[in-house]
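Quick notes on the structure that follows.
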Amino acid sequence: MKLNKRKRYIILLLFPIVIAISIAFTNSTTQKRNITATLLTKSTTFEAGQNIQLDFKLSDSVETELFLHSSYGTTVITPNLSDNTQFDIPDFMANKKGRITYTLVYKSKGIASGEIKIIATTEQKVFLESYIGPPSIIAGGRDYTMQTVLANDSYDNPIADSTKVIMKHQFLDRIEERELYSKDMITWTNIFSYKQSGRMLLFSKVHATVSKEFSVEVYPSLPENFEITSKREHIYADGNQITEFITSIIRDENGNIVSDGTMVDFSIKDKSGLLLHTQGKTIEGKAVAKMLHPSHHEIWQIKGYVHGMAESNTLLLEYEAVLDDFNVQFTNHNREIKVGPLISFMEQLIPDGAIVKMNIIKNGVKIDTKIESSSQGLVRFILQEGFYDTGEYTIEISALGVEKKYNDIRLK
Amino acid sequence: MDKSTNKYLISALLIGVMFHGTAIFFTLESTYDALIHLFFGNHYANNWFDPWSYSWYTGFTVMGYPPLVHQSIGLLSYIGGVKFGLFTVAIIGIILFITGIYRFALVLTSNRNVAGYTAIFAVFSSTFIETLHIFGQLPSIVGLSILLHALPEIYLWIKIGKYKYLVNALSLLAVTVTSHHVTPIFGMVFFIFPLIGMIIMDASREKVNSYKEVRFFLFFKTFLSLFKRIVVFGFGSLLLIIFCILPYWVNTKNNPITQVPIPHGSRDNFFEVTSSGLVFFLIPWGILLFILPYIWFRFYSKRYLFFGLSFTLLTILGTGGTTPIPRMMLGDNAFNILTLDRFTLWASIMALPIFGEFGYRFVEGDLRQKIQEKYGGVYRRVLGGLFVSTFVFIVFFTMSLGYFRPFQPQKIKMLPILNFLQQDQHDHWRFLPLGFGDQMAWLSAQTNAMTVDGNYHSARRLPELTTRAVERLENSKFRGVEGIGSLQQFLTVPEKYNLKYVFSNDKFYDPILYFCGWQRLRQLENGIMVWEKLNIPPLSSILPKEDVPTFLKLMWGLIPVGTVLLAFIINIQLIWIHGLKSKHKSFPVYFKFAVAYDGFKSSVIKISHIWGVLMIIVFGIGFYLLYIKNAKQISPINVTESYYDALDFKEFERAYSYLDPNSTKTKDQYMLEIAVTDGLLSSYAKLDEIRVDIIAQTDSTAKVKAFTKWVTPLEKIDKTFFHELIKEDKKWFVKTSSYDLDIPPDQLFVENTPNYFNHGRRRITSEQTYHEDVLKQPVLEVLSAKIISNNGQYAIIGEIQNIDNVPADVVIAGTLYNEANKKLAMFNVKHQMKHKLMPKEITSFRVNFEGIAWSNHEERKPETFDPDQFTPVNLEEQPTNFDLQCAGNVATVDLYKGVTINELSIQKDHIEGVLFNSGLQEVTIPLLLVSYYDENSELIWVDHQYLPEGIRPQRKQYFDYKLLDISTVSKGENNLENVFINGLLNKEISNKVVPERKYEHQLIPLIPISGKGFSYVKLEVNTYIGNPN
């Protein structure tokens, strides 16, 4: 009994499945008629934007569809309502330059096919896309910028090859015009820089359409060697005044003044062979660099250079010492040491801030160094009791390049 | 027993809501956590079912924190905005807490008056005030309050066994689980277990006549008889904990927290770090400290025995690192992850009913009588007065703590920042706020722009962050080496994170930004300085995301609010009607176990007195020690330390007061001298350590040597100062030191400098920048580049020149490859170069390959602070090849080049010299770049040194550079094969732009020094201008 019941269920289930499958695979056996079609429209080349209508003549009045394929895509359109053999090509295809292939379809079968061509419109205004780059180049004729023009019709179709394109540029007092012909959608030219630096303005023109103004900056080329001079208030090594190093106007090989901000380094070799350093940025080709006067007798050899590109002559500057000697007074059991007055080159007091250095040496060992800056030409050192035991000391004092040594100073 | 409305509870609720409800408007937004919850709330308001947030940490999941409180904020925000949501949730939390503690007290003491007292005391308890108004831990408060509400239901279920109570209890527990994950887990241990113990005790008590007769055997038997209910409840709650926040557990498993422990004050030794002791011990305990003996006495009575054990455990755990016990109990791992302040919170909450009981007995109970009898009414009133005034003082102190010692930077007006981010597509890049405190969460909540930082560190994924004990990049200066180190990595390689803008609210970070190659854009109206980095690509429109299954998202979005609805429906009559007005025919069963308050034990009074006196003495000693430590002028060491302390905190008037009063220096003169000093040390340094040694001392004079260690954003500075001191009137003073007397030659001077301006866009348009407005990238040329290795560390060094006609901002990225051209490491140049180059200017550079610090757990992190510390990347193989990608962008700012090297002298292994500022800007931080060359004039190493003091115009600054021993550096071959400039080959650029380069110029600036491993040295100067004018 149980088995039977199960069988019955299976049969019940199988029945609808069989029916469903058989319906699904049933083919209708409607008959196909043979229909032929011919294109009535004469022209096969259209300008973009035109209203394109394709007319067919059918051997029998049946419902057809038109299959269209262009570079913009593929679509199937139905005939116009008024006439079932007339097809309007949709705008998105009719506005684009290129080829459209069509197939007239009746019951999934092509009954006529062909190709139409759409060219850029010449009736309406041309639109220009123009590019310039790079926006800055270097003078001298080696570097160049590229001007590129893409001329399009109002439907954004590239205009036909060999369309005349005029490119003009202005540089200083000259205006140059080039006549070019478009090829493969674009027109381009390289504009080499001239010897001079400055600003170049460019534009282009196709038919009546003109582009906006573009500008390209022509920067000067690499700097050439230059001269340097110096300017100082006096020749003395007072450690206070400032000496300026000034370059001649730095130019490139074509005589253009180098761009503002060009870095000029100054290397200064002092009499002990060490290198000091200062720098200046050019304005109108001239760079000014500053150095503080040395605080002792000194001979400086100064050379300016733009790294790897240009250099100057070597300048020799001598700074004379402002003093030969100074007073040192020991008071208060030698615990108070007064240095000065420090007298400058005209017997004036040296400006505040001159450095006086004192080394305190005991038994040949340096135990302390005191550094003070001068005030009113004087410096006072105090060797406090408790910190410096009683005993013999050697005191070395140096200021403005003069060194003095006092042996056997006894502190109480 | 009277069944009328409990007037104490009503007053507690009224006072609580009015007091806390109004105060939160002034406190909550400046608490540590509230704004984080606000940010999460805002996330749910916008993406209820999407747990992925892009705002922080290059994306993270919010499934790392139970969502109920955040979702409630999000829901309420639909009514009145996120802040409305935040405050409403806070007020609900306050109400829940007061009613919860009332019900807890009722279970514990079975006395409505005591419970009422408890509710009132709870309103003003310092632990609650601190948790709400200082920490802003809303989920914790809500979770704990609901747990307290669940306790009576648990009691009734286990005691009576009606399923109604089980459902009540579990429904409330579910809410707890979805609002805070730690509370129910530890709550089980510390609240529910002792409660179960108490229930068993009560049940045992029913079988005998008094608690005294309850013996272990009886207890055990009762336990067995209740075992089934306990197990049912236990499993039920376990299921809830797992099920209700299942997505949380799944997330925890999938994204295990890789974060290294972040130091937290609650783990400090409270004696050593007194501020932590104050915040995490003294304040939460507050007045409870004075009645500790009573609390212990009551908790160790038989009925409360288990609460006593739990309370003891909590108290000990709450002491953090003061004793080694918590670490031993929790184990190293848990100790370093948990914040231990929550134990103190729970302990003090647990003690509140006992405190309420004490209050009741003192005000109207047997204690009142006893004291009156023993010591008289006046004494009782005085004692009461003392108690009340201490209580009031602690409340005032806790509430105003944030006012006197702000935990957060001043409130920042966010609108200008939001406007900035919205303008000109600035939100297409990530930003980084610096010095915002927790307000960064508020900023993130308001903008779509993303930041690399974030404020929920368990959720981070970037190894740069998880391997460092850094809370946030934003406050990295408080985290020493790890903080600044992490920050430096982000600032050096910002391309990796599309990080283009930094909002700086703290000028401390300015130097590091500058030397990492960032530039100031402008100051917003709210005083925030915007820094930007050039050459950063914008974020891609599709960002990576870790998705989770939909059922988890649904669970996360629906269950929490569902638990609330369910609990609300089930418990509504219990929370409100039952709580306020008992309409029940009978009192709950626990009322049977009330203790009669008669005959307060004299011994307890005595001990309490002794304890109270002891506490007063301890506090007295504490204050005295504090005074002695801070007595400024009793010894030469003290006064020197105080002097530097005053300088450190910029309290110049105080500093002046430590100076020799007999000196000729007036206060005006002193202030003026201070005002004109600028530099790394005086403007950007924080004193880290000071050690003062007395070199010589007489009765009235002394000479000291102060070794100071300063932390700056750039490096650690060790500097030794010498001072002479003098004693006058038993006080020591520091002798004034001389200042620079140098007089510049010119009073007024003029200088021509080229200045630049870049329009950006010449048209006002929201479109992309027109191509003609895009400037050409300046052309650079690399003159030399090579790999070198020093003690196993690899670096790329070289020289680069701007060969264009416009100033350039230069970014150099170096990559190391092995022989098979496998990429090994990549990094940018940090501060060992001049990032801004004038036309034709040259700079040396060094690319260090920095790894992620302590990514290997075996490496011990250093104990002391060193922001300059460097973690070299761990290379698996030997690099043999490299490439350099250099990018130039037109720079218009930070082009100051006015510093000259005016004097030099070469000592044995030192270069001493004088820098002179010949220009018009005040140089804040000069950086000396030192390049080393070998005998063939080949570059072999690049080093740097920051000078601690700034240089004013026409002034000098001395420097002393110690030459390195670089004989260990292996010399690499110069290789320009794979060097690219703006994507083009360097070789081609070189041939085209500078075909006839004068290579001999390379030699001009080289100073011949025969040192260890080198023959020449070149010096270059880079300058940071703090306040350009």
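Placed from the backbone N, Cα and C atoms, the Cβ positions cover glycine too.
What you see is a predicted model, and the numbers here were worked out from it, not measured in a lab.
Taken verbatim from TrEMBL:
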- B:7-28: transmembrane segment (TRANSMEM)
- B:75-102: transmembrane segment (TRANSMEM)
- B:114-135: transmembrane segment (TRANSMEM)
- B:188-205: transmembrane segment (TRANSMEM)
- B:226-250: transmembrane segment (TRANSMEM)
- B:270-297: transmembrane segment (TRANSMEM)
- B:304-323: transmembrane segment (TRANSMEM)
- B:343-363: transmembrane segment (TRANSMEM)
- B:383-404: transmembrane segment (TRANSMEM)
- B:554-577: transmembrane segment (TRANSMEM)
- B:610-628: transmembrane segment (TRANSMEM)
Tell me, please, if the transmembrane segment (B:610-628) and the transmembrane segment (B:7-28) are in contact, taking contact as 3+ Cβ pairs under 8 Å between residues separated by 6 or more positions? no
Ranking B:270-297, B:304-323, B:343-363, B:383-404 by the number of C-beta pairs under 8 Å to the transmembrane segment (B:7-28), which range is first? B:383-404
The answer for the transmembrane segment (B:270-297), taking Cβ pairs under 8 Å and residues 6+ beyond its ends, is 125-127, 130, 134, 308, 311, 318-322, 340-341, 344-345, 348, 351, 354-355, 358, 387, 390-391, 394, 397-398, 401, 601, 604, 607-608, 611-612, 615, 626
Are there residues at least six beyond either end of the transmembrane segment (B:188-205) with Cβ under 8 Å to its Cβ atoms? List them, or say none. 107-108, 147-148, 151, 154-155, 158-159, 211, 214, 218-219, 221-223, 225-226, 230, 237, 302-307, 309-310, 313-314, 346, 350, 590, 592-593
Under an 8 Å Cβ to Cβ limit, what residues of the same chain, 6 or more beyond the ends of the transmembrane segment (B:383-404), are close to it? 23, 27, 30-31, 124, 126, 129-130, 133-134, 283, 286-287, 290, 362-363, 371
Top Cβ-contact partner of the transmembrane segment (B:343-363) among B:114-135, B:226-250, B:304-323 (pairs under 8 Å): B:114-135
Same-chain residues at least 6 beyond the ends of the transmembrane segment (B:304-323) with CB under 8 Å of its CB atoms are 108, 189-191, 193-198, 201, 266-271, 276-277, 280-281, 284, 295-296, 298, 329-330, 340-341, 343-347, 350-351
